[in-house]
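Notes follow the structure.
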Amino acid sequence: MAINIRKTHPLLKIMNHALIDLPAPSNISLWWNFGSLLGLCLIIQILTGLFLAMHYTADISMAFSSVVHICRDVNYGWLIRNIHANGASLFFICVYLHIARGLYYGSYLYKETWNIGVILLFLLMATAFVGYVLPWGQMSFWGATVITNLLSAFPYIGNMLVQWIWGGFSVDNATLTRFFAFHFLLPFLILALTVIHLLFLHETGSNNPLGINSDADKISFHPYFSYKDLLGFFVMIFLLATLALFTPNLLGDAENFIPANPLVTPPHIKPEWYFLFAYAILRSIPNKLGGVLALLFSIFILMLVPLLHTSKQRSIIFRPLTQIFFWFLVANSIILTWIGGQPVEQPFIMVGQIASISYFSLFLIIMPFTSWCENKILSLN
């Protein structure tokens with residue numbers, strides 16, 4: 001009998017267990033495609049970023065000009081930059097859908113996998129933030145100034161911390177240089193953590209829409225789910241190409257076409273769209289330190305979700321009351337995203353404050369209490 005090399009070779013064996021002979025539940029839906037799509041996004045971002053880094057100059061006098069040079073003079077530089085900028089947006093769309101899937105189907109009960117995922121989200125946000133500073137446009141400069149300034153809210157060490165991150169007394173050349181270094185380094189850290197994320201996932205196996213044990217009904221990952229993922233790849237590449245070729249500046253800010261000027265403040269300082277929900281929560285609290293803590297907690301609250309699971313069922317597919325509040329949470333997050341892009345005036349301030357309270361209430365009180373109520377209703381039958 002011929003020896004199958006993929007099952008015996010030390011390197012190929014790892015790939016085989018992860019991508020070919022991996023036992024997968026037979027009933028996982030399209031919602032389980034986003035993990036592989038995130039892997040594709042990461043590869044696209046690393047490759048396009050590498051080519052951009054070859055032509056970019058991390059100096060405040062040349063950064064803006066070097067981006068212009070990439071778009072005008074480098075072969076297909078405009079395309080690489082558009083793919084990289086819009087690829088980030090698609091990355092975050094996939095991340096948020098991936099998290100929503102995890103919340104809906106109870107995937108967060110794989111605690112190690114879930115918590116590493118939350119750390120990955122935090123690193124992804126940090127990477128996107130430092131990357132947004134690199135073109136050195138108006139919004140890059142002022143965004144960096146405002147967000148890094150938030151660290152001054154921490155007692156005693158705040159001002160020292162801000163100056164340490166800036167490398168001086170204002171956002172300057174030292175800041176840009178270190179942000180470029182971080183932006184180059186962090187994606188590789190994300191890549192390493194992704195491998196650990198997968199390692200923990202493959203220890204338990206994937207969850208499924210029913211939220212029940214699927215050991216009795218599993219099929220191999222290849223060819224079934226490899227081809228299913230391939231369809232997702234084509235759809236995502238088509239969307240990315242459409243965005244990058246037809247409306248490359250749709251999700252960007254017009255202010256960033258103006259070179260950074262420390263003497264002129266833009267009328268509305270706001271981050272990229274994928275940070276607006278957290279930015280709205282930050283702005284809705286009048287106290288600076290309170291706002292910073294709420295901003296951090298808006299992401300790290302996801303780590304509390306496994307601890308707040310009170311239901312006897314894993315998935316919320318059979319829990320209509322919790323389903324209602326889950327969709328409230330989705331709508332609430334969309335409202336926060338909209339509020340984050342609006343000026344700081346009434347009625348936006350009030351709506352933002354109500355949406356912020358709702359966001360934390362749904363996670364900490366309403367959904368756990370609803371699950372507990374559903375348990376009581378089930379026990380009555």
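Placement of Cβ uses the backbone N, Cα and C atoms for every residue, glycine included.
There are 22 other Cβ atoms within 10 Å of the Cβ belonging to H183 (heme b b562 binding site). Look at Swiss-Prot and you will find H84, H183 tagged as heme b b562 binding site, backed by similarity to another entry.
Applying an 8 A CB threshold to same-chain residues 6+ apart, the list for H197 (heme b b566 binding site) reads T113, I116, G117, L120. As annotated by Swiss-Prot, heme b b566 binding site applies to H98, H197, with the evidence given as similarity to another entry.
What Swiss-Prot lists as ubiquinone binding site is H202. DSSP gives H202 (ubiquinone binding site) a helix state. The Cβ of H202 (ubiquinone binding site) has 14 neighbouring Cβ atoms from other residues within 10 Å, across all protein chains displayed.
Residues of the same chain lying 6 or more positions beyond the ends of the transmembrane segment (34-54) and with a Cβ under 8 Å from any Cβ of it are 70, 77, 80-81, 83-84, 87-88, 90-91, 94-95, 97-98, 101, 183-184, 187-188, 190-191, 194, 229, 232-233, 236-237, 240. Taken from Swiss-Prot, the feature transmembrane segment applies to 34-54 (among others), supported by similarity to another entry.
Annotation comment: Swiss-Prot describes 78-99 (among others) as transmembrane segment.
The transmembrane segment annotation in Swiss-Prot covers 114-134 (among others).
Positions annotated as transmembrane segment by Swiss-Prot, on the basis of similarity to another entry: 179-199 (among others). Same-chain neighbours of the transmembrane segment (179-199): 18, 38-39, 42, 45-46, 49, 53, 56, 58, 113, 116-117, 119-120, 123-124, 126-127, 130-131, 133-134, 144, counting only residues six or more beyond its ends whose CB sits under 8 Å from a CB of the stretch.
Swiss-Prot lists 227-247 (among others) with the feature transmembrane segment, giving similarity to another entry as the kind of evidence.
Residues annotated as transmembrane segment in Swiss-Prot: 289-309 (among others). Proximity of distant same-chain residues to the transmembrane segment (289-309), defined by a Cβ-Cβ separation under 8 Å and at least 6 residues beyond the stretch ends, is recorded for 99, 103, 106, 108-109, 111, 114-115, 118, 121-122, 125, 150-151, 153-155, 277-279, 281-283, 356, 359-360, 363-364, 367-368, 371.
Per Swiss-Prot, transmembrane segment is recorded for 321-341 (among others), and the stated evidence type is similarity to another entry.
Per Swiss-Prot, the feature transmembrane segment maps to 348-368 (among others); the stated evidence is similarity to another entry.
For H84 (heme b b562 binding site), the same-chain residues 6+ apart in sequence whose C-beta sits under 8 angstroms from its C-beta are Q45, T48, G49, L52.
The transmembrane segment (78-99) shares the most Cβ pairs under 8 Å with 227-247, out of the stretches 114-134, 227-247, 321-341, 348-368.
Residues of the same chain lying 6 or more positions beyond the ends of the transmembrane segment (114-134) and with a Cβ under 8 Å from any Cβ of it are 56, 58, 63, 67, 88, 91-92, 95, 98-99, 102, 107-108, 140-141, 143-144, 147, 175-176, 179-180, 182-183, 186-187, 189-190, 193-194, 196-197, 200, 271-272, 274-275, 299-300, 302-303, 305-306. Remote same-chain residues near the transmembrane segment (321-341) are listed as 100, 103-104, 270-271, 273, 275-281, 283-284, 311, 348, 351-352, 355-356, 358-359, 362-363, 366-367, 370-371, 373-374 (criterion: CB distance under 8 Å, separation of at least six residues from the stretch ends).
All protein chains considered, the CB of H98 (heme b b566 binding site) has 19 other CB atoms within 10 Å.
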